[in-house]
Amino acid sequence: MSIKYVATSKLPTPWGVFAMHGFEDTESGKEHVALTFGTLSADEPVLGRIHSECLTGDALFSLRCDCGFQLQAAMQNIAETGSGFILYLRQEGRGIGLLNKIRAYELQDKGANTVEANEQLGFEADMRKYDMIKPMLEQIGVKHVRLMTNNPRKVKAMKEFGIEVVERVPLQVGKNRYNEAYLKTKSTELGHMMSEYHFMDENK
């Protein structure tokens, strides 16, 4: 994998003005983005998140997942902290792509869970790769991270690429009656670290 830095621009948001850094994977043609806020330290832990693209949750306000809620919460947390980053990776549908994600949703509408749906389509439960995070973090000057995630695979990926994860910061937001089963599957079958908050019934 060859990641090339392309350009940086300002990105005004409801939480403040971020910097948007564009990257291209010259082998696959995929385009990735790093958002940064404030001054990032190479010596001190920086609050950050690895976020995989989710068109339905991030842009279309879907309640089937917690992705959009997590993205907004991460941006707000970073702004309130005063500095931080988000690596926005173009890996829709845990790496299977948008149309296959819609096919998986169709199977879920018929009773399959999120893992079963992927497997019925001939995919692994999670097809995402994280090779691009090292050159992206090198470009923005981050070596030590307070990582906002519930996913142990992201913690492992950072450590494998020589990035110190000083702290895992839970990001448990967005539970609702449409995604309760999905969240439970992420916990029980994909190993995501979640508290009982996600399994209470107050929003039914």
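A Cβ is built for glycine as well, from the same backbone N, Cα and C atoms used for every other residue.
In Swiss-Prot, the GTP site is described by R49, I50, H51, S52, E53, E92, G93, R94, T114, T149, K154, and among Q70, Q76, Q139 the residue recorded at this site is Q70. Counting every protein chain shown, the Cβ of R49 (GTP binding site) has 25 other Cβ atoms within 10 Å.
Here C54 (Zn(2+) binding site) is positioned 15 angstrom away from T149 (GTP binding site), judged by their C-alpha atoms. Listed in sequence order, the binding-site residues near R128 (active site, nucleophile) (C-alpha within 10 Å of its C-alpha) are E92, R94, out of R49, C67, E92, R94.
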